[in-house]
Amino acid sequence: MSLLTEVETPIRNEWGCRCNDSSDPLVVAASIIGILHLILWILDRLFFKCIYRLFKHGLKRGPSTEGVPESMREEYRKEQQNAVDADDSHFVNIELE
């Protein structure tokens, strides 16, 4: 006899569960965990690009400027811009004949 016929049997043209222990706290906890797992799996599949991009890059938004005077912030911005400008000068033009 299969497990299916032992647990679920036709009752009045419907399928019902003959488990008398369905109010057991372990069964209730397992059901809740199963439902939560299914919900999390569906959300993961729907939003996996956003979720893993967040994990990969984190919440990095640059160094904190809290408590730093405005003049030093401006100096830092200029240094960063100069570094970007210096990198732009490294490109080499190659002409093919």
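Cβ atoms are placed via backbone N, Cα and C, with glycine included.
Database features, via Swiss-Prot:
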TOPO_DOM  1-22  topological domain 'Virion surface'
CARBOHYD  Asn20  N-linked glycosylation site
SITE      Trp41  site 'Seems to be involved in pH gating'
LIPID     Cys50  S-palmitoyl cysteine
MOD_RES   Ser64  phosphoserine
COMPBIAS  71-80  compositional bias 'Basic and acidic residues'
*asked:* I'd like the per-state residue tally for the compositional bias 'Basic and acidic residues' (71-80) from DSSP, helix first, then strand, then coil.
replied: 10 helix, 0 strand, 0 coil
*asked:* For the C-alpha pair, I'd like the distance in angstrom between Trp41 (site 'Seems to be involved in pH gating') and Cys50 (S-palmitoyl cysteine), rounded off.
replied: 14
*asked:* With every protein chain in view, what's the tally of Cβ atoms within 10 Å of the Cβ of the residue listed as 'S-palmitoyl cysteine', excluding that atom itself?
replied: 9
_Mean predicted confidence [pLDDT] for the topological domain 'Virion surface' (1-22)_ = 55
*Across all chains shown, how many C-beta atoms besides its own are within 10 angstroms of the C-beta of Trp41 (site 'Seems to be involved in pH gating')?*
10
